[in-house]
Amino acid sequence: MENIKNPKNADDCSDSISKNSHQGVDDSLNQSRSYVCSFCIRGFSNAQALGGHMNIHRRDRAKLRQKLMEDNKDDVVAESDASEVVSLDLNEQQQQQGEALTCDDHDQYVDNDISPKQKLEFWVQESKLDTNDHGKVTEASIDGSSSSHHRDIEVLDLELRLGQSVVKKKTT
């Protein structure tokens, strides 16, 4: 920095001080990090200031998140309504498409020869676990097949113990 001795007038003094202060700011900007709010793109000189500023946007983010969840919920409902179809008759769909193509486009050749009835079935692989009176777990498949597996149900010991662990075995 320059030392200013006896300036000729006050304007010269203020000009040199502002130049020196801008040089200091420029040097510090090159060395310090800039923190930017991702919500409103406002810049901050330190992380603490940005953190305090982000608290302002907490409600805005909550409203935005809620709106996105509602939009996604509507999409999921629409997809689940469409996915309830268990089987699809391909012959009927092909006939409808063939008729639509022949009506709309007379110049294009459409093959109306449809193979014997085709059916596409969707399989669901889900199972339910039932517990019988003897403490065994039986797996019952939803599709009607009867495959059962017997497993012993272990009782979980959730007691909190301090010190060395001691394992007690129950005799049955």
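Each residue, glycine too, has its Cβ placed from N, Cα and C.
What Swiss-Prot annotates here:
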type     : residues : note
REGION   : 1-28     : region 'Disordered'
COMPBIAS : 15-28    : compositional bias 'Polar residues'
ZN_FING  : 35-57    : zinc finger
MOTIF    : 156-160  : motif 'EAR-like (transcriptional repression)'
(message) Mean pLDDT for the zinc finger (35-57), rounded to an integer?
(response) 89
(message) With Cβ-Cβ distances below 8 Å as the criterion, list the same-chain residues six or more beyond the ends of the zinc finger (35-57) that contact it, or say none.
(response) none
